[in-house]
Amino acid sequence: MMASSIEIAAQKKELRKLIRQQKDFLSPNERVLKSEAIFNQVEQLPEFINAKCVFAYMAMGDEVQTKEFIQKWINEKMIVLPIVKGNDLELREFTIKEELMPGQSFGILEPREGRLVDIAEIDFAVIPGIAFDKENNRMGRGKGYYDKLLSNASFYKIGVCFNFQFVDAVPIDVFDVKMDNVLLA
Ligand SMILES: Nc1nc2c(c(=O)[nH]1)N(C=O)[C@@H](CNc1ccc(C(=O)N[C@@H](CCC(=O)O)C(=O)O)cc1)CN2
Ligand SMILES: Nc1ncnc2c1ncn2[C@@H]1O[C@H](COP(=O)(O)OP(=O)(O)OP(=O)(O)O)[C@@H](O)[C@H]1O
């Protein structure tokens, strides 16, 4: 029998708790080294190499770190970052000239002044998550921001996470959007 959406929500909550407990076992140094290893893999992908416009994110402390990656590519590719606007994400271009500011959402740095980007401009996306699985399923922080955004996306989506976030099976709802690939370290 299929699990009800209420059961799935409970399973997601449980898994988020489990992963959160393990995040503290990574030292800041390990987090930086692993993040570097993950983005070394990202940079080998033909889909990334050929991409002109890359949707990324500014990491929170417990996520795969992206600062070095963004700085490295900002002059060669168009970098787009999400901005939280109520229940939705807005897409804005991040250029080297701009200083990022903490937004509405948990102090995540956002490009306030950058040009609004149409989702159709994006070729490649690096997506954070709390957990991923072998089938390229993804579970996020539970607000549905990425699921809503990605439901009308046609670009290549790569999930990134640390080893302990890669699980046998992520609980999934019908609206959850699969990644095209998941890279970890
Ligand atoms: N780096 C980064 N940027 C991102 C996301 C993300 O997951 N990572 N988002 C992806 O959606 C959007 C922001 N959404 C977020 C949703 C929840 C939380 C968060 O910290 N939630 C708390 C619990 C919040 C509460 O309910 O009080 C938590 O997870 O502990 C952060 C960002 C857009 N930008
Ligand atoms: N395409 C969608 N349209 C409308 N609501 C959606 C959509 N996708 C998800 N939601 C809503 O968002 C809520 C959170 O979903 P879920 O727990 O799967 O989030 P998540 O994938 O962990 O979060 P995120 O995508 O922000 O990282 C759900 O209650 C769901 O109803």
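From the backbone N, Cα and C atoms, a Cβ is placed for every residue, glycine too.
Annotated features, as they stand in TrEMBL:
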BINDING   LYS12, LYS13, GLU14, LEU15, ARG16, ARG138, MET139, GLY140, ARG141, GLY142, LYS143, GLY144, TYR145, TYR146  ATP binding site
BINDING   MET58, GLU63  substrate binding site
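Secondary structure at LYS143 (ATP binding site), as computed by DSSP, is coil.
Counting in whole angstrom, MET58 (substrate binding site) lies 26 from GLU14 (ATP binding site) by their C-alpha atoms. Close to ligand 1, meaning a Cβ under 6 Å from one of its atoms, is not one of the binding-site residues LYS12, GLU14, MET139.
Annotation for the binding-site residues GLU14, GLU63: lowest Cβ count within 10 Å of the residue's own Cβ, GLU14. Rounded to a whole number, the distance between the Cα atoms of GLU63 (substrate binding site) and LYS143 (ATP binding site) is 16 Å.
Each residue contributes its Cα atom, and for LYS12 (ATP binding site) and GLU63 (substrate binding site) those atoms are 18 Å apart. Listed binding-site residues: GLU14, ARG16, MET58, GLU63, TYR145. Those with a CB atom under 6 Å from ligand 2: TYR145. When the Cα positions of LYS12, LYS13, GLU14, LEU15, ARG16, ARG138, MET139, GLY140, ARG141, GLY142, LYS143, GLY144, TYR145, TYR146 are compared pair by pair, the longest gap among these ATP-binding residues is 20 Å.
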